[in-house]
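A.B. asks: Let me begin by handing over the structure; questions about it come next.
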Amino acid sequence: MGSVESLYSLVLSLVVILLAMSTNVDVGGEKLASVDFEIFGNVQGVCFRMYTEDQGKKLGVNGWVKNTREGTVVGQLQGPHDKVKEMKVWLSKVGSPSSRIDHAEFSNERDIPKLEIHGFGTRY
């Protein structure tokens, strides 16, 4: 009888994991969000992308960051709502030590059922 109970427990655990992965709730029970951003000011040549990548990894947010030809920095964030919100504050108020952030624009903010980006990186 013990092996049947073990098998049942394993199947039940797998069902719970699969259900969690198929909803907009991650395994930790937090809803996931995605948002695009563009940062204006003196944000190129001041290690803004490197610090953004480090901060994203520190917070456990997934995404990417990239310089534009217009002198701004753009990117996308994905992760738990509270961590994405914290990263948005960092992008609009803190940035890298040598940067000057004039303003930040956030767009396409939405709930997502699962992460579409894994890890945090710099794009070129």
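Placed from the backbone N, Cα and C atoms, the Cβ positions cover glycine too.
Annotations for this protein, taken from TrEMBL, read as follows:
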- Arg49: active site (ACT_SITE)
- Asn67: active site (ACT_SITE)
- 34-124: domain 'Acylphosphatase-like' (DOMAIN)
- 1-22: signal peptide (SIGNAL)
A.B. asks: Would you kindly give the Cα-Cα distance separating Asn67 (active site) and Arg49 (active site), rounded to the nearest Å?
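C.D. replies: Per the Cα atoms, Arg49 (active site) and Asn67 (active site) stand 8 Å apart.
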A.B. asks: What is the total of other Cβ atoms whose distance to the Cβ of Arg49 (active site) is within 10 Å?
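C.D. replies: There are 21 of them.
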A.B. asks: Helix, strand, coil residue numbers for the domain 'Acylphosphatase-like' (34-124) per DSSP?
C.D. replies: 25 helix, 39 strand, 27 coil
A.B. asks: When the pLDDT values for the domain 'Acylphosphatase-like' (34-124) are averaged, what is the result?
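C.D. replies: On average, pLDDT over the domain 'Acylphosphatase-like' (34-124) sits at 97.
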A.B. asks: Restricting to the chain of Asn67 (active site) and a gap of 6 or more, list residues whose Cβ falls under 8 Å of its Cβ, or answer none.
C.D. replies: Gln44, Arg49, Val73
